[in-house]
C-alpha cells in the first residue's frame, strides 16, 4: 500500500539523516515529546528554530561586515545558534557553530567569515531536509496513517 | 850627674837590679798588651759574650797598666819632663780605670758565678728531660706494641687464632724465649698447657690449679714475677742454661653469663687462664715496668677477644639450633597439615557415607510408623527412630565440632530479624516444655534492635541448645529467657575477667540469660560443662541422652561471634542460669541521604510523573526554551516560561517548586538571579529548587553554581529520561549536584 511505502520511505529517510549526521539523538527526544496533547510539537520547534537562525545569521553577517568587528556580540549570537541547534538535534549546524566560536575566540575574521558561510550552508541543507521530512509526514497523516517512531539501533 | 826634680834614688843604681826590673817591666807590658788582644780574639770567635762593655773596660785597664809599665821603662834613666808628664797621665788614667773596673767587678763577678750555677742547673735539667724522653718513648713504643698486638688479636674471631697470635706477637715484641698459655680443664681443677710459642705440639702437661704460686698470680691483676723453677715455668725439657726471668699473668675467661651490666669485671665464679712469659736465658735482661704493663694490657685484650669469640660461637650455635628447629617445625607443620587434610577427607567421606544410610533409616522408619503396626511393632519402630535420630544428631555434632576445631568454620553473616529468631526458638521448645509441664517465658528488652547482622542459623542453634538443655534438665518449674543489649558497665563481669568486650558504633553485645529451676549443677562440675564428651554423672543426664557435645559446640559458636558463654548454678537442686554474650552488627539505616554524585538510574515512571508540578523555566534562547517546556509538559508539569532575569524575578513565587535557568548565556547573569531568588525566599522550604541548565560542566561553572546556592546542574541537551530522573531526585532530596 502506498501508506506503507510512504511510511517506509519516511523511516529510511530519517535513518539516512541520522547516518549522514544531520540529526542526532536529541531529535529523537523531541519526537518523544510529541504526543496527542502536543501533536505538532516537532514542527513548531523546528520552525521556531529556522526563524531564529535566520535572524541570527543576518545579525552575524552585519556584524562581521563592520570595520570594527565586535567579537563579543558575534560570540553571543553564535552561542545562541549553537544552543538552538543542539536543542533540536541539528548536529552539523551545531558543529559548525562550535568551529565558528573557536575562530571567534582567537578573533580571526577570515576564519569567522568562512565559518559563517559554512553555518549558513548547513542551516540551508538541514532546512531542506526537514521540509522533506515534514512533507512525508503530512502525506502519511493525510492518508490516515500514523507517523512511525524512529527506532535507532546504533 | 845633675840633680833633677825627680825622685832621687835611695840607693845607688844597681845595674843588675835595674836590668832585672827593666826586663820584668818589659815582659809585664808585653803580657798586659797581649791579654786584651787574646781576649778580643777569642771573644770575637765566640758568638755570645754578654759583657762587652766590661771587656772594653778590662781591656782599657790592662792596656793602661801595660802602658804604665812600659813608660816606666823610660823612668829608670834620666827622663825628660814630657816622659814624666806622660807617665803621670798614664798613671792617672790607669788609676781611674782600675777603680772603675774594681767597682764594676763587684757587680759582675756574682753574675758570672751565677751563670755557672745556672749552667749546672740546666745541665741537670737536660739530663732529667732526657730521661723522661726516654721513658715517654718507651711508653709510646709500648703503646704501639699494644695497639698492634690488639689489632692482631682482635682481627680474628677464632679462638685458636687469637691465642696463637697473642703468643706470637708477644714473643716478637718482647723478644721472649718462650711464651705459654695454660687453660683450665673442664673439671676446673687443673691447668692444661694449651698453647706455646716455640713448641709445635704441646704435650698435655697438666698442673693442679691450687698451687700457691698460681693462686698468687690469679689473685692479682698485675703480672707477677715467678720463679723459673715452678712447674708452670718448666715447660721445656731441662735446659743447661740459666733460665731467664719468668713472669706470669692471669687472663680472665669471661662467659656469656658474666656480661651483667653492673658486675663487670669482678665476679667470684671467674675462671682464669695463665699466661707464662720467659725471657731468653743467659741474657742479663730484666723485666722492665713498661714491659710488665704491656703484658697486663695484652692479657686483658685477650680476655675481651676470647669473649667475643665465645659470643660468636654461641650465636652460631644458637643459629644452627634454630635452623634445625625450624626445619623440624616445618616438617611437623606439613605432617599436621597432611593429617588434617586426611582427616577432613575422611570426614567428608564419612559424612556422606554415614548420612546416606542414616537418612534411609530415618526416612523409612518414619514411613513405617505411618503404616498399620501392632503395638509391639510400633514400640520397636519408635525405638529405632529415636535411636537413629540420636545417631544422626551425634554424627552432625561430631562433624560440626571437628570443623569448628580446626577453625575452618566461618560464620555466614547476614542481616536477620533477631526477634524472629527468639520466637522460632520459643515455638520449637514450647511443645516439649508443655509436655513436661514447664512454663517458658521470653523477655526481650525494649532497646534490643529488631534487626542485627550475624550468623542467624548458628545463633539460633546456640539459643536452642541452651534453652533445650534448660528444658532437658528441668523436671518441673519454669524457664525464663531474657535478652537485652549489654551495657558497657555490665560488660566487665567479675566472673569473666578475661573477657573484655568493646562496644563500638556499629556493633552491640547481645546478652541472653536462660534461667531454669531444674536439677542444678554442683560447682566442681561447672568447668567440665563445656568440654567435649564430658557429662556429669547424675542419672538424670544419663537418661536424657545427648552426646555431651552440645555445649562445646555452643561455646565454639559463641567464641566465633567474639563472645563468651558461662553457666552459673548455686548447687544441686537449685537450678542454673546459662548466660552468653555475642557480638552482633547493627544494620545501617536504609534511608541514608544519597551522595552528591548520583549515578544515572533510569527510572520507569509513567509519563506524567509529576502532575501539576509548577516549574519556572528561564531561557533566552527561544528554541531551547521551547524544547525544555516540551520536556516538562510531557512529564506533566505546569510550566511558566520567562526569557529574562527581570521577568524571572518578577514571576517567581513560592508556588514554583523548581526553577530551571540557563546560565551559559553571556550577558544574562543566571547567577545573579539565583542570588536574588535566595534572598527573596528566606526560608529554605519555601524556596524553589534552582537548577542550572548549561552547555558545559567545567569546574568554574560548577563552582559558580555552588557559590550562588544553586541546587544542581544539568548539562544540555536534556533527554526525557534525564529530566524525569532529575526531577524525581530533586524533589526527593532537594539536592542533585550534577547530572550529565
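Glycine is treated like the rest: Cβ placed from N, Cα and C.
Here is what TrEMBL records for this protein:
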type     : residues                                               : note
BINDING  : B:65, B:69                                             : Cu cation binding site
BINDING  : B:469, B:470, B:471, B:472, B:516, B:532, B:547, B:551 : ADP binding site
CROSSLNK : B:716                                                  : ubiquitin cross-link
DOMAIN   : B:349-588                                              : domain 'Histidine kinase'
DOMAIN   : B:614-731                                              : domain 'Response regulatory'
MOD_RES  : B:662                                                  : 4-aspartylphosphate
TRANSMEM : B:20-41                                                : transmembrane segment
TRANSMEM : B:53-72                                                : transmembrane segment
TRANSMEM : B:92-113                                               : transmembrane segment
I'm trying to understand the geometry here, so how far is the Cα atom of residue B:471 (ADP binding site) from the Cα atom of residue B:716 (ubiquitin cross-link), in Å to the nearest whole number?
71
Check each residue in the chain of residue B:470 (ADP binding site) that is at least six apart in sequence and keep those whose C-beta is under 8 Å from its C-beta; list them in sequence order.
B:479, B:514, B:515, B:516, B:518, B:578
Between residue B:551 (ADP binding site) and residue B:716 (ubiquitin cross-link), what is the CA-CA distance rounded to a whole number of Å?
67
Tertiary contacts of the transmembrane segment (B:92-113), defined by C-beta under 8 angstroms and 6+ residue spacing from its ends, are 51, 54, 57-58, 60-61, 64-65, 67-68
Any idea what the Cα distance is from residue B:472 (ADP binding site) over to residue B:716 (ubiquitin cross-link), rounded to a whole Å?
73
Just the number: how many Å between the Cα atoms of residue B:69 (Cu cation binding site) and residue B:469 (ADP binding site)?
156
Any idea what the Cα distance is from residue B:716 (ubiquitin cross-link) over to the residue listed as '4-aspartylphosphate', rounded to a whole Å?
9
Which ones, out of the recorded positions B:472, B:516, B:551, B:716, lie near enough to chain A that their C-beta is under 8 angstroms from one of its C-beta atoms?
B:716
DSSP-assigned states of the domain 'Response regulatory' (B:614-731) in counts, ordered helix, strand, coil
53 helix, 25 strand, 40 coil
Just the number: how many Å between the Cα atoms of the residue listed as '4-aspartylphosphate' and residue B:469 (ADP binding site)?
73
